[in-house]
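One structure is given below, encoded as structure tokens.
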Amino acid sequence: MLVPLILTLLAGAATFIGAFLGVLGQKPSNRVLAFSLGFAAGIMLLISLMEMLPAALDTEGMSPVLGYGMFIIGLLGYFGLDRLLPHAHPQDLMQKRQQPLPGSIKRTAILLTLGISLHNFPEGIATFVTASSNLELGFGIALAVALHNIPEGLAVAGPVYAATGSKRTAIFWAGISGMAEILGGVLAWLILGSLVSPIVMAAIMAAVAGIMVALSVDELMPLAKEIDPNNNPSYGVLCGMSIMGLSLVILQTIGIG
């Protein structure tokens with residue numbers, strides 16, 4: 001249980017990398033940000049559809065109705081929360097840095113922070129649950145989550161810093177979203193320790209797979225296209241899928257996971 005918790009902590013802490021980039025003014029190019037988001041989406045799609053969902057369905061005692069039902073619940077649950085939460089895109093905030101409305105920018109950044117925090121909370125649970133069930137998949141999910149946490153931290157810290165002039169305040173607000181992910185992992189660690197039934201774990205994995213697919217197709221890929229409309233995010237997606245698939249083959253070949 002310790003390694004999955006550490007992976008969750010590291011994935012959430014990646015938000016601070018973006019936060020520091022935001023206050024230091026060394027913003028990565030839009031092309032790099034877009035590619036990293038596509039790369040993260042590719043990792044999540046491959047792991048969710050080729051590993052997590054099949055593993056959940058293959059669990060002894062798991063019925064297809066329950067497995068696919070939990071997958072659909074994960075999909076619909078994500079879309080439902082996404083529609084209910086205050087929603088602003090990171091690149092919108094980065095563009096607003098040029099406008100002389102610091103108070104408005106700060107309010108928007110805070111709303112985004114709250115939305116991202118609620119959005120990151122189940123990601124922390126997903127990372128922990130996946131790593132607890134299968135460590136090699138946990139590494140992949142943690143990497144994908146960390147990659148897309150970096151532009152999130154950058155998106156919040158940059159505008160807050162521009163509005164307040166305080167690096168500490170900017171890092172604080174950006175860090176909240178990362179802490180929400182860590183909190184999700186810690187709660188999963190505390191609660192799921194007594195709920196280690198294979199069926200329960202498989203059902204949660206199926207739901208997590210649905211969440212990851214929805215996150216990839218509804219958020220990461222469109223966001224990558226918006227950030228860098230001149231380049232196709234599919235390259236990042238395909239690269240993420242290829243590298244993750246190759247790494248899983250290597251890990252399975254040498255007997256890890």
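Glycine is treated like the rest: Cβ placed from N, Cα and C.
For the Fe(2+) site, Swiss-Prot records ASN120, GLU123, ASN149, GLU152, and the single candidate of GLU136, GLU181 listed with them is GLU181. In terms of C-beta pairs under 8 Å, the stretch of 61-81, 171-191, 195-215 lying closest in packing to the transmembrane segment (5-25) is 171-191. Distance noted between the C-alpha atoms of GLU181 (Fe(2+) binding site) and HIS148 (Zn(2+) binding site) is 12 Å. ASN120 (Fe(2+) binding site) sits 11 Å from HIS148 (Zn(2+) binding site), taking the Cα positions as reference. The stretch in 32-52, 171-191, 195-215 that contributes the largest number of Cβ pairs under 8 Å to the transmembrane segment (61-81) is 195-215.
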